Amino acid sequence: MSSYIERIEAHNFKSFRRKKVINFTKGLNVISGPNGSGKSNIGDMLLFVLGTKSIHAVRADRLSDLVSKGSGNECSVSVTFRSDDGRSLVIERRLVIEDEPKSYYYVNGVRSRLSEIDETLASMGINFGTYSFVLQGDINDFISYSGQERRKLIERISGVDQFDSEIERVKADIEAVSRNMEINQTIIDEKRQNLERLRTEKEKKERYDALLKRKRDVEYTEILNRKNAMERQKRTIEGQISDLTKEIAQLEERRSDLEKRSEAIRIRREDVAKRIDDLTSGEMNRVKTDLHSVEVDIAKIRGIIDEKNRNMEKLEETIAKYESERDSTDREIEDLDRQIEEKAKRKRALEDRYADLKKRYDDLFSRAQAEAVDAAETRRKSKEYQEKIDGLGREIEELKAAGSQMNADLAVLLQKKAALEERKEDLDLKIRTSEWKAKETSEDMGKYSRKYYDLKAKYDQINDRISDLKSEISEKEASAKIASSRVPEYVRNVKMLEESVEGVIGLVRDLISYGEKYVKAVESAGGGRLNAVVVKDDAVAKECIQILKDRKISPMTFLPLNKMRDPPAQRDVGKISKDPGYLGILMDFVDFEDQYRSAVYYAIRDTILVQDIDAGRRLMGIFRLVTLDGDIFDPGGSITGGYRNYASDYASALRMQHDLEGMKIQLSSLMDDRSRIKREMDQAFSEMSEASRRTGEIMKEQEMLKKEAERSREELKQVMDDISSTDRAIADKKRMIDENEKVIEQKTLDLHKYQEALNDLYDRIDPEFFKNIGDLSNEINEVRSEIDAVASELNQITSRRDILSSERKHLEDQMIDTKLQENSIAAEIDDLNGKKRELEEKAKKYQYALNDLEGRYGNLSAQVREADKQIREMENGINDAKASIDLKNDLMNDLKVKAGILEGNLSSIERELSSYSGCEAVIGDLQAMRQEIERAIMDLGEINNAAPQQYEDALKDLDDYEKKHEKLMEEKKALEETTAMLNEKKREVFVKTFTDISEKMNYVYGIINGGTAKLIMIGSDPLTSSVEVSVTPKDKATVKIQALSGGEKSVAALSFITAVQILMPSSIYFLDEVDMYLDAYNAENMIKMISQNAGEAQTIVISLKSLVFSYASNAIGVTSVNGESFVFNGHFDGSPEAAP
């Protein structure tokens, strides 16, 4: 779809004072006029409306210069665009000069922002490319450009300047990274010096610790020798007790597992049963109710459509009746036309016969005069008598004919009066109907306008949210990138296994999700077990372990799902659930797929989540506990806690990635909402525009009807005046006829006298001759009477035809009104059919939903039956395990009694050995060893006990800085590669644009001049090269553009500009005196090419050359009177001087 400028309306803009309207057409529009008349101000109008950023673009020093002098403090310009499908778009800019100049933009009369203008133009298929406006001076600028300036021009055209800001940003990043590298290197040097000092102190402390340990080992060996004998006696009994304990624990675990599984199945069964109740009592009933409601609405709409169709049939019958009456009237008019033609033909034949008879009579009478005896006197008197007779006869006939014509005119006027009165009543009815339609349409437009701006407010709100979310995503992606760089080695190894072996599912931590509130609790409770790898089966685990061995990768823990035991039934937490600090079983706060339950249980076990460390202290001793802050309470009594940097580990990276995915889903949803609202906005805008268009059409129709009614009233008044005038004229004619009849009576007496005198004369002439004259006279009178009769009949038939034509016009108007009603009802039927289709589609969706719910009901019922079967099997296994446990406990009690006796003997030795934890037994002379160790300790002198930890901390710190240095080097390298890539991309885009323009320029120059022209790049690097223009005019040598004549330079520059226009086409072009320096040959070739292009894009050309107008589809003249510009549309006679 393409659009064009239909008209420009300016008020007090520059030299166009008051209101000026300029009309344009598609194709080539030529503007001409004397220099200084204001032609170029038309281009300034377009730039002003389109919101040019520079005041100098519209050839003004300040905004107040745009207002016509002496015209107040305000000016405005509106441009009407028309699309191929008939839509119109009016963009207006008003400038008010107050304390500060203010501009207001309007789209179709609605206040808008400048930023919305481009979107609105794009919706009409209107775009402006490079060189859409070629103003005075653009050609000379190109000719005078240096090679560097031409290159920069091509850079702007190609758009490569967009790369410059990115390249500068990357360079700034490189400088910042380099500065950070220098600072980091200085710190590394200082830390290396400190590390060497700590290394010496650490080695000294290690020697001291080794001596102390050896001394304690000697003491420990002396005690241990006393203990060994007693322990050998005890081991046998403990082994037996241990075996029994393991067997009992296994049986207890099996029983507990069966109880938990049984309870879990029972809970799942209750949940499924509840879901069945919810499904049957809630959602299915709602869907059935909604389906019934939609079916009722469909039936209602069908009834309305049937009623509308019956109305359509009635209207069609009315139209058929009007068409029949119109056809009958047309046949009668055709018959009258044939009668008029026959009567006119008969009248012309009679007039011809009358002329022939009159000529014969005159000939005979002349002979009679010639043959008279008293030639001189008799001829004179007979001629005088005859002229008087003829004159009286004609006068009488003319008076009678005038009277008859006036009576016929009066009849026509009376018929016309009746038709006008009927037409006036019809127009009054149409005006009232149109006013009602205008009110209804205006209300619709208000409704659509409110809807549009409500949607627009939502659209702006969502757009702002999208912008904010995109910023948040960018920040989150940057953080995620940093976090991803800290992914541990084992994670990358798991990724490698996933790619190498089918059946590797992933880390346990990757298969679970939980809220931010529970991060510390889950990470502490799971610990390293969260890094276990879940695989499909033990065969996959075997294959993975072999790969790790082959590649010398550290061991990993694998969890084959086919070998993992189901988690035991949940233990009864008892009274601790009533404690205010108790939160629940930790696994209940973690989300995962049920197939991975055994793997998740391996990591988290049956750990209980509590509020804080105080709650843990109250509840510790029976269950494993974890606080929200990550502190662990072991059933054996140990407490593990302290600071953890959870945010920096792999879990944090996963959560960040998860949050990022959620934000992207939210962004996608928002963008879908924005697209939907945009479609609704477009629909509302279309409805608003349609209502506005209908209102405009109705207002135009109202105006037209009012004007037509006014014309009818004036015409009726004129007819009444004509009737009165005709009545008076008829009365005057009657009076004149009466007077003439008296004169005729007198003239008849005179005629008898003349006749007697003639008879005396004729007695002396041949009687037969005068008989012929008398016969001719009688025949002439008869023909004259017949002519008058035919003329009277012709007038009557013509009057009847005029009356029938007026009746036919009235029938046509009634038919048009009826068809408009028919079209309105048809549109309503289309809308109702659309609503019916929407409801039918909605009913289908409800039916599909109902079918899906019934399927879900069947599946849930099957799950309940299966759960009942599993529960029975679990109860049987629990009873068997209890019996075995009782038997094992009896055996173990007997062994414990024996072990108690030995434990008492060893207790004193154990208390003594407890102070030597970590010591090892030695072999040799223990006394000599002790003396040697004590001397060595004295020789070491002062010891820094914190040296080992300080050394490790310093070593880790140095390693962190060295890794940071490596990352900075990698970052710098990546940034340098990015800079090179951007420069290469910029170079590619520039070279392609340069080549395309050069080829098109040569093509255009060949059409205009017949020669060749191209661009030449001077320099090895396109981005720093100089661009020259090489031209070979037809039949001339090749030279640079600077060496050409003025006209030849213009041809070359125009070729370049036209080449850019071809590559980056626009809907509309404005060319201001681009042919100024061209000779006739080149100017004509140029205008031919422009006129051909005008078939695809509207072109507005300002020119003073006469040959341009022979190619124009529209000519516009501009003249100036006392500094005020006037515009005239039309066709010129071929020269600009002819412009008004």
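Placement of Cβ uses the backbone N, Cα and C atoms for every residue, glycine included.
The model shown is predicted, which means the values in this text are computed figures rather than measured ones.
Listed in Swiss-Prot:
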- Pro34, Asn35, Gly36, Ser37, Gly38, Lys39, Ser40, Asn41: ATP binding site (BINDING)
- 160-484: coiled coil (COILED)
- 502-619: domain 'SMC hinge' (DOMAIN)
- 660-990: coiled coil (COILED)
| task | For the binding-site residues Pro34, Ser40, work out the Cβ neighbour count at 10 Å and name the residue with the minimum. | result | Pro34
| Taking the center of the Cβ atoms of Pro34, Asn35, Gly36, Ser37, Gly38, Lys39, Ser40, Asn41 at the recorded ATP site, which other residues in this chain have a Cβ no more than 8 Å from that point? | Ser15, Gly33, Val1118, Ser1120, Ser1125
| request: Could you tell me which three-state DSSP class Gly36 (ATP binding site) falls into? | output: coil
| field | Close in space, distant in sequence - Asn41 (ATP binding site), Cβ under 8 Å, 6 or more apart | value | Phe13, Lys14, Ser15, Phe16, Ser1125
| request: Counting Cβ neighbours within 10 Å across all chains shown, tell me which of the binding-site residues Asn35, Ser37 comes out on top. | output: Ser37
| query | When a 10 Å sphere is centred on the Cβ of Gly36 (ATP binding site), how many other Cβ atoms does it contain? | reply | 11
| How do the residues of the domain 'SMC hinge' (502-619) split into helix, strand and coil according to DSSP? | 60 helix, 19 strand, 39 coil
| remark: Cβ atoms other than its own within 10 Å of the Cβ of Lys39 (ATP binding site), all chains, total 27
| task | Note down the number of other Cβ atoms within 10 Å of the Cβ of Gly38 (ATP binding site), including every protein chain shown. | result | 23
| remark: Here the mean pLDDT of the domain 'SMC hinge' (502-619) is 89
